[in-house]
Amino acid sequence: MVGPGGALAAAPRLLVLVLLSFLAGGARASPATDALRRVSPLAAAGGLCQQLLLPQGYPCTEHTVQTDDGFLLSLQHIPHGKNGIPDNAGPPVFLQHGLFQGGDTWFINSNEQSLGYILADNGFDVWIGNVRGTRWSKGHSTLSVHDKLFWEWSWQDLAEYDVLAMLSYVYTITQSKISYVGHSQGTIMGLAAFTMPEIVKMISSAVLLCPISYLDHISASFVLRAVAMHLDQMLVAMGIHQLNFRSDMGVQILDSLCDDEHLDCNDLLSSITGQNCCFNSSRIDYYLEYEPHPSSTKNLRHLFQMIRKGSFAKYDYGWWGNIRHYGQRHPPSFDLSSIPESLPIWMGYGGLDALADVTDVERTIKELRSTPELLYIGDYGHIDFIMSVKAKDDVYVDLMRFLRAQQGMHSSY
């Protein structure tokens, strides 16, 4: 009889051979991976403030926070807009980016189109989070990025450690409850974190863009192919712990997935996120100077577990690993009904989103005790909520109305 995980335990060598055969097959480069090869990412030297905000005339300071497990995270603070009054900061708003992104994602369009700039210019005290492993947060008290243990984490750790450390820092500095704004993986982290009393007590309200807690109905063709190929298990078997699509190996993996027979990646972004109505594709080369950021193979595997199992639960280590980590055979679920009913929540989601599918969003809504305010845009995709050239009018006006209503601010927008 094969024990729990026995079949998988016998598979690593086969998985390695399968992936190596893909990589050795001379996969044709897609236009998207051509761009990844052509555009070099900017060095993180100087930090996000120096690279993006200070040149635009915005006040910005860099902060470093250490998590309880030793990671050194970079935060940025924009206390007001270009024409704001120093020492007259409004209520704090914390922005948390998604998977393969960093804090730059909130400033990567123009001042008039990027949520980070817009919030600062409208009187909010803006704080930017950058999770472990991104180019802005590559430090650790004892480990280096070349160590396997540096990448031994998933979004569960981002919720339990990174969110706790960053929000605790902002809460201590501002002496005020914080409005949390997350996109994509930033909403997974947020929803998991809000089930923890020590975190949710610091939150005044939550804005969730493309909210994800379940991934049962994901339709992104690239992701479904990667799941079907067991890409996560292949990477683990090969000893690849950092998932970096700006590395030579990362680009080769993309090319191996993007073959004409199974998957056409001529529009790689759409194959990953679904169609986006209002994304400015002419700026791709500029975006690629900042993104994608690295993540961990374990994080990818945790997300694939969500897709395969239809669960919103902690990382599954297998029966014996779960008993060792959790004291039970199956990983505990994050209970959305434990999020306080008193926490005001606003959600924005789109009809073309192939990651945060409408059916899964509705399931999330049903499991919450509160009734969130909802903004549904039928022709918006996953990236539109942060990079649409029309998001200022389509999304951010109502988003800021919600934030002001919770914080008692006067509307001037």
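Backbone N, Cα and C atoms are what each Cβ position is placed from, and that goes for glycine too.
Automatic prediction, not curation, is the source of TrEMBL annotations.
Residues annotated as active site, nucleophile in TrEMBL: SER184. Residues or ranges marked as active site, charge relay system by TrEMBL: ASP353, HIS382. The domain 'Partial AB-hydrolase lipase' annotation in TrEMBL covers 51-109. If you look up TrEMBL, you'll see 1-29 marked as signal peptide.
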Mean pLDDT for the domain 'Partial AB-hydrolase lipase' (51-109), rounded to an integer? 92
Round to the nearest Å and give the CA-to-CA distance linking ASP353 (active site, charge relay system) with HIS382 (active site, charge relay system). 5
Please report the Cα separation of HIS382 (active site, charge relay system) and the residue listed as 'active site, nucleophile' in Å, rounded to an integer. 8
Chain-internal residues, separated by at least six, CB under 8 A from the residue listed as 'active site, nucleophile': GLY98, LEU99, GLN101, LEU209, CYS210, ILE212, LEU355, ALA356, HIS382
For the domain 'Partial AB-hydrolase lipase' (51-109), the DSSP helix/strand/coil residue counts are 10 helix, 19 strand, 30 coil
ASP353 (active site, charge relay system), number of other Cβ atoms within 10 Å: 28
